[in-house]
Amino acid sequence: MTFEPTETLRDPFVLYGESFASRLLLGTARYPSPATLQAAVEASRPAMITVALRRQTAVGSGDGQTLGGETFWQMLRTLGVPVLPNTAGCFTAQEVITTAMMAREVFETDWIKLELIGDDYTLQPDTLNMPAVAETLVKEGFKVLPYCTEDLVLCRRLLDVGCQALMPWAAPIGTGRGAVNPHAMRTLRDRLPDTPLIVDAGLGLPSHAAQVLEWGYDGVLLNTAVAQSAYPVNMARAFALAVEAGRTAYLAGPMPEREVAQASTPVVGMPFWHAEGAEDRA
């Protein structure tokens with residue numbers, strides 16, 4: 001059988017009933033320039049690009065959005081990639097809801113990445129109030145993708161209020177540490193086998209992305225790992241390849257881990273294979 005590199009495209013990434021060819025989502029902040037951002041998007045071909053709604057449009061904001069205001073949004077639209085607005089910087093339920101409503105009007109989409117921050121030092125999500133906010137957004141007709149922790153109880157509660165996909169972190173935002181609690185993340189995947197899970201925050205290397213895809217996670221969202229690398233365009237492409245490799249490996253069915261060595265070469269047919277103790281030495 002001939003391997004087709006595109007065979008993972010027959011394994012669509014489905015969110016809220018919509019299929020996407022890519023399992024990578026890409027943030028648009030903190031790039032060296034708009035041109036670099038545009039090239040990174042073209043190199044990785046993400047399923048969506050995330051955008052923070054600005055209440056004021058300042059030129060030269062220091063996060064790569066130096067075109068400022070409407071010009072920046074027009075540039076994003078020319079990329080031909082669906083936009084996923086987020087509620088970054090919101091610390092209260094009312095801020096989230098207001099920002100989401102404004103984003104829906106500006107970007108003409110019901111998609112929203114829910115970010116409700118509980119601590120401005122760790123940027124940890126407000127896990128206590130998030131389910132209620134998510135429920136309100138769902139009732140308002142939004143397709144909610146909540147940024148959350150790997151806490152199983154929280155994730156179940158978010159599903160109970162109507163979220164159809166979750167975005168647990170691997171580590172705090174911008175740390176680039178990869179999965180700091182592999183046991184909890186793998187447990188979450190095992191206990192929610194039918195829920196789309198997108199790892200959001202904490203990934204720093206393409207190998208981190210490949211790892212969580214190998215565990216069965218459905219996708220990853222990246223920003224700092226690409227935007228703050230030495231060569232963002234190359235890193236964007238590297239992450240896209242890692243995501244495809246990780247998903248392909250998961251579908252291939254990795255071998256089980258073992259505590260002891262097991263010979264990969266059979267001893268039958270080898271010189272002295274029938275001698276006493278040969279199998280023990282193999």
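Each residue, glycine too, has its Cβ placed from N, Cα and C.
The feature active site, schiff-base intermediate with DXP is assigned by Swiss-Prot to LYS113, with sequence analysis given as support. The feature 1-deoxy-D-xylulose 5-phosphate binding site is assigned by Swiss-Prot to GLY174, ALA201, GLY202, ASN223, THR224.
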GLY174 (1-deoxy-D-xylulose 5-phosphate binding site) to LYS113 (active site, schiff-base intermediate with DXP) - Cα separation in whole Å: 17
Cβ within 8 Å of the mean position of the Cβ atoms of GLY174, ALA201, GLY202, ASN223, THR224: remaining residues of the chain near 1-deoxy-D-xylulose 5-phosphate: ALA171, PRO172, ILE173, THR175, GLY176, LEU203, GLY204, LEU222, ALA225
Neighbour tally for LYS113 (active site, schiff-base intermediate with DXP), based on other Cβ positions within 10 Å of its Cβ: 26
Candidate with sparsest Cβ neighbourhood (10 Å radius) among GLY174, GLY202, the listed binding-site residues: GLY174
CB contacts for THR224 (1-deoxy-D-xylulose 5-phosphate binding site) [other CB atoms within 10 A, all chains]: 18
Listed binding-site residues (ALA201, ASN223), ranked by Cβ neighbours within 10 Å, top entry: ALA201
Cα distance (Å, whole number) from the residue listed as 'active site, schiff-base intermediate with DXP' to ASN223 (1-deoxy-D-xylulose 5-phosphate binding site): 14
Alpha-carbon spacing, THR224 (1-deoxy-D-xylulose 5-phosphate binding site) to LYS113 (active site, schiff-base intermediate with DXP), which is rounded to whole Å: 17
Cα distance (Å, whole number) from the residue listed as 'active site, schiff-base intermediate with DXP' to ALA201 (1-deoxy-D-xylulose 5-phosphate binding site): 13
Length of the line joining the Cα atoms of LYS113 (active site, schiff-base intermediate with DXP) and GLY202 (1-deoxy-D-xylulose 5-phosphate binding site), in Å: 17
For LYS113 (active site, schiff-base intermediate with DXP), the three-state class that DSSP assigns: strand
Span of GLY174, ALA201, GLY202, ASN223, THR224 around 1-deoxy-D-xylulose 5-phosphate - largest C-alpha separation, Å: 10
